[in-house]
Amino acid sequence: MAAQSKIPQATAKRLPLYYRFLNNLQVQGKSRVSSKELSEAVKVDSATIRRDFSYFGALGKKGYGYNVEYLLGFFRKTLDQDETTYVALIGVGNLGTAFLHYNFTKNNNTRIEMAFDADPNKVGQEIGGVPVYHIDDLEERINHVQAAILTVPGAEAQTITERLMESGITGILNFTPARITVPEEVRVHHIDLAVELQSLIYFMKHYPLEIEE
Ligand SMILES: NC(=O)c1ccc[n+]([C@@H]2O[C@H](COP(=O)([O-])OP(=O)(O)OC[C@H]3O[C@@H](n4cnc5c(N)ncnc54)[C@H](O)[C@@H]3O)[C@@H](O)[C@H]2O)c1
């Protein structure tokens, strides 16, 4: 998409954050928002917000702020919110089950369409409205799915990744501690709560937030 390719990656990463907040504002019937209000809600400084929004062609007016509807329209297009992206979840354990219960469709058009597990006790169940299939049936079932969430034990991650690649999956959200190897055209986002927690504590210690008088 032309508009999207002009947006720096750091800005693109903040899009879902902005989208979620603005969507809530619209639900509450608000038609405009100031960069200060946004900044407080999404915890991004207002100079960054103004710069980000200038890439979207949204110029805030002094004393008026930004037009919520315009921004949402832009974000929907950029994030492909008008089109549903189907996602599969692999590994219906503690973490996987929690994700299935969380309703992703509330704020955008990303849907966990199916889940897979190797445990026969889990196969055949429906969790949070999502059917759980046997991992042996992956190739047969997964045809229109574009992305996968990996919540299997780390030791299983690479083998499953290879099967996902063979099935045409081009994005993986990897919650396992394993560093998976993928071809260049496949995007992997690795989420490690231990690293995130360490980083939070580091910032709390070294960059304490100042309270304005
Ligand atoms: N990223 C994080 O912050 C974070 C936090 C907690 C756990 N984890 C990781 O997430 C993963 C899941 O954690 P959990 O606590 O839910 O574990 P869990 O043991 O509860 O769940 C793992 C599930 O994967 C299934 N499974 C095993 N082998 C499989 C295979 N070959 N194919 C399909 N399914 C298979 C199991 O039957 C089980 O249901 C682990 O790798 C764990 O280290 C990550």
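Every residue gets a Cβ built from N, Cα and C, even glycine.
Automatic, uncurated: that is what TrEMBL annotation is.
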Ranges 17-56, 57-96: which does TrEMBL label DNA-binding region?
17-56
Restricting attention to the DNA-binding region (17-56), give the mean pLDDT.
89
Quick one: DSSP breakdown of the DNA-binding region (17-56) into helix, strand and coil?
29 helix, 2 strand, 9 coil
Starting from the NAD(+) site formed by G91, V92, G93, N94, L95, G96, give every other residue of that chain whose CB sits within 8 Å of the mean position of their CB atoms, in sequence order.
L89, T97, A98, F99, D117, T151, V152
